[in-house]
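Here is the structure we will look at.
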């Protein structure tokens, strides 16, 4: 029995990370908090909270150390890790730009269920495309981050509170790029160095993105499962993903959906409180991708931001030394964020002849 239940967990987790609202009409299913305040949902949430607390105590007893080894064990060096961190903002930007571009063209905001109506469609669609291109090329990144944050706030009115809250990881990306910038692999680094963020803000970027991602997962756990069981069961009726019977477990669609919600809530809480983040990301990676062959391109595009976040958190580890490597990667590697004095700006002299600023000052 225990073996069957353990085998079922990855499959129920795959339902947890499949966004029901993306593939099933959720407008017919308003939130039902009355169904949440019943014995089984409350018991599952209570169990998740207890597991989270025990895991936090266990991590604290281990001195905050996880189980996965760092890349130094595999022969990586600090300079190479610094170089890896230098390219991470570019990787994240691509993962975010693709769904922004697709949603902008399709007339949806952040996810396919948020169809823009009336006057909202044109400005928000165009802004998503503009932000996508700015992030992709790495030009005016911090301005694009502000626009992205403003779009999320506008989504509260254009798409509704619950559906926008499900996409709060987009607000996390806005905070991330405002704090970290686009890194050295960007157009802005070459021609807009004065628009780079201060280096001392870099250490807050990854924790902010992790927290907002956690809030997104927690929101979906409630809006699509715990507080919307009619939506979850209707979704399972259209897409027969409840495979409990294959393992000799007669779970109803309701109980299967609640189990999926509990897993999603658990992952969200672990990330929120920074409990074994690398381990929980590695565990969640498989169920996160199990339904790709069912929902295909739409799920792949929609999950791209999560893939980028998961990749970042998987290589991230705790400690001041890591924060220093992150800061050096963003601001000192490849193309420094502040031009060296010996670069010298090329300026025309009184006779229209272009000379370097340093040479002009010295009279050479």
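The backbone N, Cα and C atoms fix where each Cβ goes, and this holds for glycine too.
TrEMBL: automatically predicted annotations, no manual curation.
Feature annotations, reproduced from TrEMBL:
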SIGNAL    1-18  signal peptide
TRANSMEM  42-61  transmembrane segment
TRANSMEM  82-100  transmembrane segment
TRANSMEM  120-137  transmembrane segment
TRANSMEM  144-162  transmembrane segment
TRANSMEM  168-192  transmembrane segment
TRANSMEM  204-222  transmembrane segment
TRANSMEM  256-273  transmembrane segment
COMPBIAS  339-353  compositional bias 'Basic and acidic residues'
REGION    339-364  region 'Disordered'
*Within-chain partners of the transmembrane segment (120-137) [C-beta distance under 8 Å, separation at least 6 from its ends]*: 93-94, 96-98, 100-101, 103-105, 107, 109, 143-144, 147-148, 151, 154-155, 158, 177, 182, 186-187
*Please give the sequence-distant neighbours of the transmembrane segment (168-192): residues at least 6 beyond its ends with Cβ less than 8 Å from one of its Cβ atoms.*
86-90, 92-93, 96, 110, 135, 137-142, 144-146, 148-149, 151-152, 201-202, 204-206, 208-213, 215-216, 219, 305-306, 309, 329-330, 333-337
*asked:* Are there residues at least six beyond either end of the transmembrane segment (82-100) with Cβ under 8 Å to its Cβ atoms? List them, or say none.
replied: 110, 128-129, 131-133, 135-136, 138, 141, 170, 173, 176-177, 180-186, 301-302, 304-305, 307-309, 311-312, 315, 325-326, 328-330, 332-334
